[in-house]
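Enquirer: Pasting in a structure now, in structure tokens, and then I'll have a few things to ask.
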């Protein structure tokens, strides 16, 4: 039978619940326990797939094609597991299912209420993940902040779980912020006290309180929170801001969190072994040369829109013995001012996924700059598509080349709608989503990167390379090095004669891990670190 850890947040949103949950999973896995994770999002959207990146940030895709919150990406990276659609629950999903059941007559004419019907549906989804994953521990993050109207049914559901499954099988953790008052130069505990009081009013007494702060926390604060929040002193955990998020599991373990979880839930666990993770953090903190990469996108004002891309670049830089500097370049700025101003100092250019015509010409200009100047380039999803468009326009001379996403009547549609997408009007959950196999051509850059002829990668797209132009582009120097097993879909393309110019229709950023960077990112950074740009001087050997 699975044990459950429920994690709530207080005082403010974005306090670090997601990284805390991911770190708890990391700690438990280091003790030989199997872990699964679930995110409960109280918003009424069915999933974030149709939400603006400016409102939600990145949409993370699971192996089975669920469009989910970016926190699931953190869970996968920290715990090194692959999650499924069972790991994401929204109010939209819950209420839709309850209403559908009522329409079918499943409730036998009863009056449908938040309690018990909505809460029962939430609990059923939590239990379903436990049953299917068979994990020793299921960690459940409740999105939002205690006190939010939307979150009340979820808090009531997790309150009931302790009675349903037994007191020894459920643990509550509350993550809260200790704000710092500059004028008095002190951290304040009162917001935490009020947040815990709100939880207790609902019927949940936290077993552990994780206190986030940007400043050192005194032992007197630990005593105060323990007294006023009715939590054991050793269960008041200090989590200061650290230089890298990958240090959080080590900090929590040093505070005794792992031992608390094992003892409170009566887990049959091995001694903790975070030696590999500790080595990773030490490597991150080592002073190393910097590689400078331009990320050209259309949502760069909100960096969380490219969260997995940013982390994947970091993973690859660590592997290559480099720090990473990312220049966040808005594609529309390139349209206005040209690429030289923004790209002349960078050692590599990456263009991630996106939707819509805004900024497309700026992206195409960035691709052209990379190709003509021998700058390593990696295009992801849309980034591959604009790479194809640029090649068709400026190598083949077909200046009308475009994607039918942006120009439906293009006379040279090198990118077109997938055949199965024709006639699909609904936007939610209807793209080509999840893991699909890809056959790699040996002897190519992709073949050298993967070292394997068959791979599986995650997708999220409606448009694809138009095979009517495959022969034409191949003869001009574009190599299609990755195809679907039936050979019908182009998954990877390369430009021959270039140091590193590659595009993938899939999203490799979803499979990168801190200790195991994705092959495409790894080789991209490996190529970029060799580039010397304006104003840079290579290191000279010291005289004997």
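Note: Cβ is positioned from N, Cα and C throughout, glycine not excepted.
Taken from Swiss-Prot, the feature active site, nucleophile applies to 381. Taken from Swiss-Prot, the feature CTP binding site covers 13, 148, 149, 150, 188, 189, 190, 191, 192, 193, 224, and the record attributes it to sequence analysis. The UTP binding site feature in Swiss-Prot is assigned to 13, 188, 189, 190, 191, 192, 193, 224. Marked as ATP binding site by Swiss-Prot on the basis of sequence analysis: 14, 15, 16, 17, 18, 19, 71. For 54, 354, 382, 383, 384, 385, 405, 462, the entry in Swiss-Prot reads L-glutamine binding site, with the evidence type sequence analysis. Per Swiss-Prot, Mg(2+) binding site is recorded for 71, 141. The domain 'Glutamine amidotransferase type-1' annotation in Swiss-Prot covers 299-534, and the record cites sequence analysis as its basis. Residues or ranges marked as region 'Amidoligase domain' in Swiss-Prot (evidence: sequence analysis): 1-267.
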Enquirer: Which residues of the same chain, at least 6 positions away in sequence, have a Cβ lying under 8 Å from the Cβ of residue 384 (L-glutamine binding site)?
Expert: 465, 492, 493, 503, 504, 505
Enquirer: How long is the line from the C-alpha of residue 17 (ATP binding site) to the C-alpha of residue 141 (Mg(2+) binding site), rounded to the nearest angstrom?
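Expert: Residue 17 (ATP binding site) and residue 141 (Mg(2+) binding site) have their Cα atoms 7 Å apart.
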Enquirer: Averaged across the region 'Amidoligase domain' (1-267), what pLDDT does the model get? Just tell me the whole number, please.
Expert: 95
Enquirer: Which has the fewest other CB atoms in a 10 Å radius around its CB: 15, 19, 149, 381, the listed recorded positions?
Expert: 149
Enquirer: Fewest neighbouring Cβ atoms within 10 Å: which of the binding-site residues 13, 71, 382?
Expert: 13
Enquirer: I'm trying to understand the geometry here, so how far is the Cα atom of residue 191 (UTP binding site) from the Cα atom of residue 405 (L-glutamine binding site), in Å to the nearest whole number?
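Expert: Cα to Cα, residue 191 (UTP binding site) and residue 405 (L-glutamine binding site) are separated by 49 Å.
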Enquirer: Could you tell me which of these binding-site residues, 17, 188, has the greatest number of Cβ atoms within 10 Å of its own Cβ?
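Expert: The residue with the densest Cβ neighbourhood is 17.
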Enquirer: Rounded to a whole angstrom, what is the C-alpha distance between residue 354 (L-glutamine binding site) and residue 192 (CTP binding site)?
Expert: 39
